[in-house]
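Worksheet: the structure to be examined is printed underneath.
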Amino acid sequence: MVCSSQLVPRIQGWARELGFSQIGVAGVDLSAAEPGLMQWLAEGFHGEMHYMAAHGLRRARPAELVPGTVSVITARMDYLPRTTPEGWQAVEFERLRRPQEAIVSVYARGRDYHKVLRARLQKLSDRIAEAVGPFGHRVFTDSAPVLEAELARRSGQGWRGKHTLVLSREAGSMFFLGEIYLDMALAPTEPVTAHCGSCQACMDVCPTQAIVAPHRVDARRCISYLTIEHAGPIPPALRPLMGNRIYGCDDCQLICPWNKFAQPSSLPDFDARAPLEGQQLAQLFAWDEAMFLRMTEGGPIRRIGHERWLRNIAVALGNALRATRDAGEAGALRAALATRANDASALVREHVAWALAQGI
């Protein structure tokens, strides 16, 4: 049996063996975060993410979500691919300047992080049980009403940046978070000081100005929300601002000075899959549903489905068409779009029609 004072360092060691980069411990009193959460919901900043409102304050009350919870273990797992080069932020910005290249958010180019983290959090829980005996617990990673970023902040994983993501002096923000709710009391780890200062680069760079104030994001304007969570037509006013981003957006992270310290993952799971990096928009637009399912198997992109995939690419093709001054390129882009002009999906047809009109 491991005594409680020795347990957290032991957990940190076991976690490193499983590919986690940092472990923290938080208490369960998140009442100070409740007013901000309710105000954000009241302003409608969650958009169509109705599950955010449905669970209300339960998100800020771990012991209501999982009765008996008295401590929360937070876990950080870095996700930059193992082959990430020096100066990777500049490389990604350069790719954004190539209008016909499809841009998928870095985190989504590899294996679905839900599967990776959940399995390893459970292994960590099993390892703890071997040392202390059976205990009540439940593991989470972006999959339940959990205030992940707030728990991470309180447990010393980092501070909340003005883009609302958690920032670490040692790892920037290019990491996933996971939690273990447990019925065992552990000493909390200390929070860290914020280090954004007067910098607001993330606010300035956001293509759609979704960061409406420091620490305040209107999801309805966020490209990640629009390309992933939003099911219907993308607001026409926002389409030209999306550029060639077809799944997610990393701009607020790419510009952040702290991400020069972002760490490559120790796991192969997050290495980029060839079809999702450096591909041309027209190539991906040609995928039928069977090809889409095959190419996205085991990854996070599959969850949006083929229809939204085509919707997103149609917008990007329209932006590429508007940007080109080459008649040959314009003809090829129009030809690619024309293949879906009579698509079975009204959603796809509408976005294709918009895209074709960008070349007029």
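From the backbone N, Cα and C atoms, a Cβ is placed for every residue, glycine too.
Now, the feature entries from Swiss-Prot:
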ACT_SITE  ASP142  active site, proton donor
DOMAIN    187-216  domain '4Fe-4S ferredoxin-type'
BINDING   CYS196, CYS199, CYS202, CYS256  [4Fe-4S] cluster 1 binding site
BINDING   CYS206, CYS222, CYS249, CYS252  [4Fe-4S] cluster 2 binding site
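Structure with Swiss-Prot features highlighted.
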| residue | record | DSSP class |
| --- | --- | --- |
| ASP142 | active site, proton donor | coil |
| CYS196 | [4Fe-4S] cluster 1 binding site | coil |
| CYS202 | [4Fe-4S] cluster 1 binding site | helix |
| CYS222 | [4Fe-4S] cluster 2 binding site | coil |
| CYS249 | [4Fe-4S] cluster 2 binding site | coil |
| CYS256 | [4Fe-4S] cluster 1 binding site | coil |
### Query
When the Cα-Cα distance from CYS196 ([4Fe-4S] cluster 1 binding site) is computed for each of the recorded positions ASP142, CYS206, CYS222, CYS249, which gives the smallest value?
CYS206
#### Entry: Using Cα positions only, nearest of the recorded positions to CYS202 ([4Fe-4S] cluster 1 binding site) (ASP142, CYS222, CYS249, CYS252)
CYS252
### Query
Residues with Cβ closer than 8 Å to the Cβ of CYS222 ([4Fe-4S] cluster 2 binding site), same chain and 6+ apart in sequence?
THR208, ALA210, CYS249
### Query
What other residues of this chain sit with their CB within 8 A of the center of the CB atoms of CYS206, CYS222, CYS249, CYS252, the recorded [4Fe-4S] cluster 2 site?
HIS163, CYS202, VAL205, PRO207, THR208, ALA210, ILE211, VAL217, ILE223, SER224, ASP251
### Query
Can you tell which of CYS199, CYS206, CYS249 has the most other C-beta atoms within 10 Å, given these are the binding-site residues?
CYS249
### Query
Can you list, in sequence order, the residues of the same chain other than CYS196, CYS199, CYS202, CYS256 whose CB lies within 8 Å of the CB centroid of the [4Fe-4S] cluster 1 site?
GLY161, LYS162, HIS163, LEU167, GLN200, ALA201, MET203, CYS252, ILE255, PRO257, TRP258
## Note on the structure
A correct count of other C-beta atoms within 10 Å of the C-beta of CYS196 ([4Fe-4S] cluster 1 binding site) gives 19
### Task
State the Cα to Cα distance, in Å, between the residue listed as 'active site, proton donor' and CYS206 ([4Fe-4S] cluster 2 binding site), rounded to an integer.
23
### Nearest-integer angstrom distance between the alpha carbons (Cα) of CYS206 ([4Fe-4S] cluster 2 binding site) and CYS256 ([4Fe-4S] cluster 1 binding site)
11
